[in-house]
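**Q** One structure follows; several queries about it will come next.
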Amino acid sequence: MVGTVDLLLRKELKNKDYFSKKMLLYPMTEHIPEKGFDLIEKIKKIIGRIIRIFITIDPGPFAPTKYILTAEYSREKSYLFNEDDPEFFSAEVRTLVIDFILNRVSWGKDQTDGNCVGIQCLLDGGVYRAAYPLHDGEHTTENSLRHQLYVEWAMMSKWIRKQPIDQIKEYLGVKYAFYFTWLGFYTHLLIPAAILGLIVFFYGIFTFPNNRFSSDICNATDTIMCPLCDRTCDYWELSNTCFYARLTYLFDNDLTVIFAFLMSIWATLFLELWKRYSATITHRWGLTGFTFEAEHPRPQYLARLSGSNHTKVNIITGNIEPTVPLWKKIPATLFSISVLLLLIVVAIAAVFGVVLYRMSVLASLSLTNQSDWMSTYSNIFIPTTAAIINLVCIQLLNLVYDKVAIYLTEMELLRTQTEFDESLTIKIYLFQFVNYYTSIIYIAFLKGKNVGYPAKYLRIFGLRQEECSPGGCLMELSIQLFIIMVGQQALNTVVEMIIPVGLNWFNSLTENTGRLDNLKSTSEEEDLATAVKKPWIEDYRLLDWGPRGLFPEYLEMVMQYGFVTLFVTAFPLGPFFALLNNVFEMRLDAKKFLKYFRRPIPHRVPNIGVWYRVLDILGKLAVITNAFIIAFSSNYIPRMVYISLASEDNTDKGFLNNTLAYFDTKDFENGIAPLSSSYTNVTYCRYKDYRNPPWSPQKYERPTFYYEVLVARLTFIVIFQNIVSLVKVAVQWLIPDVPNALSDRIKRESYLTTQMIIKNEAKKAAGIKEKVL
């Protein structure tokens, strides 16, 4: 089979019009030595030697891959390529060529029939049941690359070992190797972020007994708070939120601002270092200079435009290709935008449904005789159950989003598979962004920020807004982040462990039953056991990748990255939980790909594609979100202003009392005072806000201190953003996108290639001259 394929490929090499236009890489004959000096690389090597003194990391059985310079094959420059090398065509190239041919051959009445183009047409018509490249034997087959990767890479016991990315690229292809390379790099960079988060958390644990704000809340047994809802809610004691205030301090302490600053810088470092590393990997795999303009159109695109009279010349390849007229593009684009906006509105409506749930539960608990336990922990119970309900809503909406996004992207008639994948990525990510983050954004930036006061509440559609605890909304935000982030990760891990095993078992059972009946009716002499063990049958039982391929894996990690960066101030343990998840994720994904899924088509990509732009946008947004969380959701800024301007001894003594306003119970709006109360003779109740007391000439108006705090908050946002932005720019300037050693190497390769071309072209010219003479 391999020999036949090689023969066909070598034969096609002689056809200039066919292979000179294919972006397939073949090894060139020249080997380039490593040269150049890179300070960052030297520092990494020194740190690596120090680490290996204490931690010995077994590199595994995979030998280092020898670097070979590669380039697009050209018949006119065949002297650059070692065509006699038995490994001239790698398994990756063979698979790509066969896939290319199968996806572009017309299966109609003749080769010009555009009604049925590509193998997908035959699959849709039921002529074939599946089309896929074969695995390299069973995952238990000794000495096969699949077995080596399964034993030395996919096993959980090998979690500390480096990933054999070159072998992954050889077996699964560049696209999948890039995913694991990026995931491994991201996981390694999470280690310092996780350490910083743990420092903030443990600092809160060790110092919370000395925190005056939470201690004052716990000791405020005589402070009566105003009702949290109309009519049915009773007054309550501030000390009921003691446990909630203690927990809040674990995340909202003196190190929070420093942590937010460092994590903003971490996001920039991560992207800059990844650009450097990916540039090295891209060149190592022969993809430097790869352009998507030279990528061939999708078979589905060509099939749907087979009868179109609109064509254009591809400026890269020179081929004449069909194109989509503008009058077809505009309706599809407008329809996609409309559906996208509709689904965003549905996701926002689901969040407000959860808000109504919280308000309803709060009112219901107020009507019952609450035990001491419920009075103490209701501030934890209600947000936790609401977050779980929100997570369930997210999962249900995801099922709808995926199908709708694929349908909308197909309507847009995108030319290449890369354009199709990027458009689909943007749509689904926007859906997921709104779906996952809307509830978190609501708690962080909207809840309790402008609710009014008991004499005049600001209502929405006649409904009273939710209020934050006297300790702030940060703890509720942390609970929401923990449930959605960690809960989603745990759910995905369980699904990735159970679903592939179950589906694989089901496919095997149903296929064996059908094949048994078929074999008994057609050939009694055929050995059933041997037939069932055929490699193409074994692989047929495995799971199909479907049209989205690696998209769910990238999406899961990018959503996690959003949690780790956008809201890390409210949940410093986010990087730690992300690190734990990713250690398992890498090995579970590896095991899943090697054991339960068919071998993928090894498509070529130069990087992680549109996901880098998404990560870059998230890194920029993270500076804004963390600045606003510290300024408006944390007590840090009001506390600093109080110490600087209002405190008599420049401490936070009395800060709690400063944050609570007085309200005269005689001034309640009509119909909102408690119908019945367990408290008697309540003249004044307290509520969290900065307002003048009822005995002031300008009662319930904003005092000067409120505006001083507001100015301080806005000033902090401006200063924080500018300082972080300056540091980010400095980091980007100091760290070049391409290592110096790699830049020198590329120049050296270009020089040697040019010299080889000049030398051989001179020989050709001399030969032609002799013939003429």
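Note: Cβ is positioned from N, Cα and C throughout, glycine not excepted.
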**Q** Between 617-637, 722-742, which stretch does TrEMBL give the note transmembrane segment?
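**A** TrEMBL lists transmembrane segment for residues 617-637.
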**Q** Of the listed stretches (176-206, 255-274, 334-360, 380-401), which one yields the highest count of Cβ-Cβ distances below 8 Å with the transmembrane segment (558-580)?
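**A** Per the Cβ count, the answer is 176-206.
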**Q** Given the model, what does the mean pLDDT over the domain 'Anoctamin dimerisation' (26-165) come out as?
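**A** Looking only at the domain 'Anoctamin dimerisation' (26-165), pLDDT averages out to 71.
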**Q** Residues sitting near the transmembrane segment (617-637): Cβ under 8 Å, six or more positions beyond its termini, same chain?
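**A** That would be 213, 252, 256-257, 260, 263-264, 267-268, 270-271, 444-445, 449, 471-474, 477, 558, 561-562, 565-570, 655, 659, 709, 712-714, 716-717, 720-721, 724-725, 728.
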